[in-house]
Amino acid sequence: MPQQSVAILGPMNEAYASVLTPECIDFVAHLARCFGPRRDQLLARRQARQQVFDNGGAPSFLEDTCHIRESDWQVAPLPKDLLDRRVEITGPVDRKMVINAFNSGASCYMADFEDSNAPTWHSNLDGQINLRDAIRGNMTFKDPKSGKTYTLKEKHAVLMVRPRGWHLPENHFVVDGRPIPGSLFDFGVYFFNNAKALLAKGSGPYFYLPKMESHLEARLWNHVFVTSQHILGIPQGSIKATVLIETLPAAFEMNEILYELRQHSAGLNCGRWDYIFSYIKTLRSHADSVMPDRGVVTMTQPFMLAYSQLVIKTCHRRGVHAMGGMAAQIPIKTSAEANNAAMEKVKADKLREVKDGHDGTWVAHPALVTIALEIFNEHMKQPNQISKQRPDVQASEQALLAAPQGPRTEATLRTNCLVGVQYLEAWLGGLGCVPLYNLMEDAATAEICRTQVWQWIHHEAKLDNGKVLTAASFHDIMAEEMQKLKQEVGEKRFTSGNFTEAAELFERMSTAQELGDFLTLPAYERLSSKTAKAPSKL
């Protein structure tokens, strides 16, 4: 049996040691040893399923779990502070953002270690410290630029935490010679430091779980929860978790995912942007499923509407929340007309959600909280509308797989280049939540940009200019857009930043023979190498 060891490859200081205590390190390493091998098996299972899809198959409802879908059961009762979740704000875990999100007036704040966080060693541990301090009420922040001091209000949003997905490692924390899954590191450090304090305040350790592709992955999370609660000696079921339905395969296993987590479930959420990315990735070899311009793939497209309404039907049948999707708009200070148009889009989106039966929604900016609240307050007088059943929803396999319709334009291709590269440039610099062209973007947008380009090239899509997109023509367009970007941001900013590296990675992944699973995997290897050091074995 190999010798057990833990090596920390990231810089340590007194503050980091206050969350990565010897006891916490032992706990997190135990999770890695118990559940890391099964996580590896499930990632291999994803690859095997994708081979089936690449050979002409498609996701479908599972025959061997039909009894779960057809039988009557419900998830465990929800705690009081999770009954009303009408508006949730999401964002990264830097100190200023944490305070602003808690004070925003939203029902809940999803503190994000995933898509809106560039997972540097420093951002991850600073985020853990920030959440620990917020939970204990010891939180202030003085902005070094403005001199303004931010403090936490006594009454604030309920905290939920999103760890990284199963696929991402944490390269700075190595257990028995292997990097720990980032999901277990984020969950474990937060849970160990805060679960008892949260329960003492009348709340609990609440989570969002991203990027899952099957109920077996939900089952693994449930095993993690049961073991973690047992080790800390807190009641089983204290943990509550909302699963983001943001992959196409998971849309066919909603009931099964809730069933696996039924003691710990807080419902499902429509992770719409990652869902579009997953649709492209899952059906990448299907010539009849080529995506149109991403701007026309809204929630009114039949396959998106079928998916969101199936979330509502499934959750309400099982007695739990069906959360709506993200409004990524941010205030436009330079144009009142453009700002009004953007806010009208937000209102229309939230009105559709509440009328369809969603129990709450997401916003990315504090200024949108009031807008979303007004709509949900008007149309949802009670804490939630779980009692609103949707027997009329009959989302078939064909409806969930229906190819979206719309144009494929050179303008969108060029926008994909600009947005994808600028987001990736910021991510490589340690920022995961980036305002671009009046939208708050996270990793999901960059994934849509590069997979859409790959899909158009791979299937020789004809654009609105009548030309077929090829790798060679894409290379020329990339060069043109990078020149424009250099003029837009300035020579000094362009050369001192990560633009060249970002453009190289974006183009390489967009033109690769095989579609890479995640842009953030190779990007993380570059990001983490900047802070790696000689191991300190513990």
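The first residue you see is number 1, and the count goes up from there.
Positions of Cβ are set from backbone N, Cα and C atoms, glycine also.
Each residue in the domain 'Malate synthase N-terminal' (6-65) has a pLDDT score, and their mean in this model is 98. Here TrEMBL flags 6-65 as domain 'Malate synthase N-terminal'.
Residues annotated as domain 'Malate synthase TIM barrel' in TrEMBL: 158-402.
The active site, proton acceptor annotation in TrEMBL covers ARG162.
Among the features that TrEMBL reports, domain 'Malate synthase C-terminal' is placed at 408-527.
Its Cβ taken as reference, ASP442 (active site, proton donor) is surrounded by 27 other Cβ atoms within 10 Å in the chains shown. As annotated by TrEMBL, active site, proton donor applies to ASP442.
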Please count the residues of the domain 'Malate synthase N-terminal' (6-65) that DSSP assigns to helix (H, G, I), strand (E, B) and coil.
42 helix, 3 strand, 15 coil
Would you kindly give the Cα-Cα distance separating ARG162 (active site, proton acceptor) and ASP442 (active site, proton donor), rounded to the nearest Å?
14
Validating a neighbour-count step here. Other CB atoms within 10 A of the CB of ARG162 (active site, proton acceptor): how many?
25
